[in-house]
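Here the structure comes first, spelled out in structure tokens, and everything after it is commentary.
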Amino acid sequence: MPFVSKIRRQTDYNSFPSSIPIVIDNGASYFRIGWAGETEPRVVFRNIVQRPRHKATGETVTIVGDQDPALMKYFDCTRSGPRSAFDSNVVYQFELMEYILDFAFDRLGANGSVINHPILITECVCNPVQSRSKMAELLFETYGVPAVAFGVDAAFSYKYNQLHGICKKDGIVLCPGFTTAHAIPFVDGEPVYKGSCRTNIGGYHVTEYLKQLLSLKYPFHSSRFTWEKAEELKLEHCYIAPDYAIEVRKFKEGTKEAEEKTRYWQLPWIPPPVEIPPSEEEIARKAAIREKQGQRLREMAEAKRSSKINEMENELQSLRFLVKQLDKVEEDDIPSFLSDTGYASRQELESTVSKVTQSLRKARGEPKEEPDESEENAESLAEKYPLMNVPDNMLTPEQLKDKRRQVFLKTTTEGRLRARQKRNEEELEKERRNQLEEERRRENPEFYLEEMRAQYKEVLERVEQKKRLKTNGSSTNGNNKSGGGVGRGERLSAAQRERMRLLTTAAFDRGKGEDTFGSRDEDWQLYKLMSKDHDEDDERPDSDEAMLARLSSRLQEIDPTFVLKAEGESGQASGEVPRARPLTEEDYKIVIGIERFRCPEILFHPNLVGIDQLGLDEMGGASIRRLPHGDDKELEERLTSSILMTGGCSLVPGMKERLESGIRMIRPCGSTIHVVRAMDPVLDAWRGASAFAADLNFLRNAFTKMDYYEKGEDWLRKYQIRFNNL
């Protein structure tokens, strides 16, 4: 199996005889493996597994422990994150555990598939027999080890420090580890597991809490607060406050001591380029260029318009000539004459002449004429609508139907012509107004620009005021005395309020009796009233909004410094979320103040992160109360006079003083409290196990493969190491 690692492989595996045991400290954070009798483990790595694919070949590789940054760029890690074989502090993913053991034995130097050395492996306090059985099965069946022994890591650390005179035979070991914290009492040099105590909190939760606090405090830098970076900040800056409440008060009041304890982490920041406002000369130059470009576009448009007018004049002249020629042709020869011109009838030709005439008048800027119903068109109208002037009593039923249809068509045609003429007049008026404004701008550009800005500001305020009233309702009514929220009726339009009034009136008229709505004809008139639009003005486009759009486009043309305001930007009138401001250098300075002691405080108050369990200082008292020795005051004095701290979290500054003060609060007045820290809280567990496995009587505490097959799982349930051999 291919492994990717920066750990060098050992080469002296075959130089150790098979009688020397292999010692494994299988912690939830780090995996340590080495030879019995040595003072340092040979291989140490993080107890995690990741299995990405190679980007080029697609081959799956196994990454155990720390990743090599130089090699990770060749692998796709998006679908495979780091995974742990532990649930809390219990091994439950034995497929991952097999990858970890394969890697550990490979880096230790083992060449074959069989490990012919006895193994001493650590486990948690009161490890479930199922987990212990699966671990024994993995070691015996997969690796063929001759013997296996299990021991508690905190107990090995206590015995190792006892050998060096750090602690006594009677005492308590407190082990705040990676995911859990344990308290184990020792009586006469032997651990009393019935008096042990566990809390599901440890260094992992401290790091995760720090990561969450910093991410909430600086959400725009959340991607930088990785778990590894939070772990680094924890180890470098975190400490435990002697009194949490007093320490919090110092930071709340901003005392000098709090400022001295505050740490800063400056992220790389590149200042944005400074935008220099354009000078007056630059503005004038751009305005001149814009005016020149506009003049050129106007000249091009005028030339195009002149060319189009000439084309339409030539076309109209040819069409009129064709009409004159048609008047000279006899009636029988008209179809053959028109077939050569492409027109089907005289009416089509005259209609084309009328359309071209109207287009030409529009291009010249002249108003369109109403449909001429004078003597010129009398004959054509009589031909098109022959039944219009015939009395009804002289027509048959079929002719009456045709007459109604002709009246409808004539009325519709005249309505379209009037609407078209009105649009043309509006366009001409708009063009005339634009020409007047352009002349005013040329006469006094500065005054015209200031006038446009003032008008834009006034219209913008009116539009935003209308939006506020539409969203929040009027603040002058009696229902809004506090100026806060408004009723639903104030947010409805006039049409909606009228419909609500009709429904409410109908409901009250019926009373509380039987529902008889619809039994009378007048009831159905309610639907007609509700379908009417009582608030047509609300549905029409707002004239102020149209004017605002026109002023905005005009200012964008003539004012290079004009910036169009987004909706709701002026005072956030529409209630939208304000746009994020640009980040400054101060935003890239990470301030670590109260987080320094707030995060490790969860070891003593797990309820800060929602864990309703004992704190680290209360666990010592709970272990003493669980002892089967009753109220032995002398034993309790001996236990509290030798309290050993071990585990990675013991390295947090202030841990010893806080434990002493916390345990003193739960013990009787005058009790002897003495807390010491292990010589090396991280490696003493492996060193204690190494010293235990180096003893000649080690195999008496181990069980062989034959014992495993004969005695089975029940014997593993009762199995426990005895330290009287050490």
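Cβ coordinates come from backbone N, Cα and C, glycine included.
Checking TrEMBL for region 'Disordered' across the ranges 347-386, 627-666 points to 347-386. Residue counts for the region 'Disordered' (402-442) under DSSP, split into helix (H, G, I), strand (E, B) and coil, are 41 helix, 0 strand, 0 coil. The residues of the compositional bias 'Polar residues' (347-360), classed with DSSP into helix (H, G, I), strand (E, B) and coil, number 14 helix, 0 strand, 0 coil.
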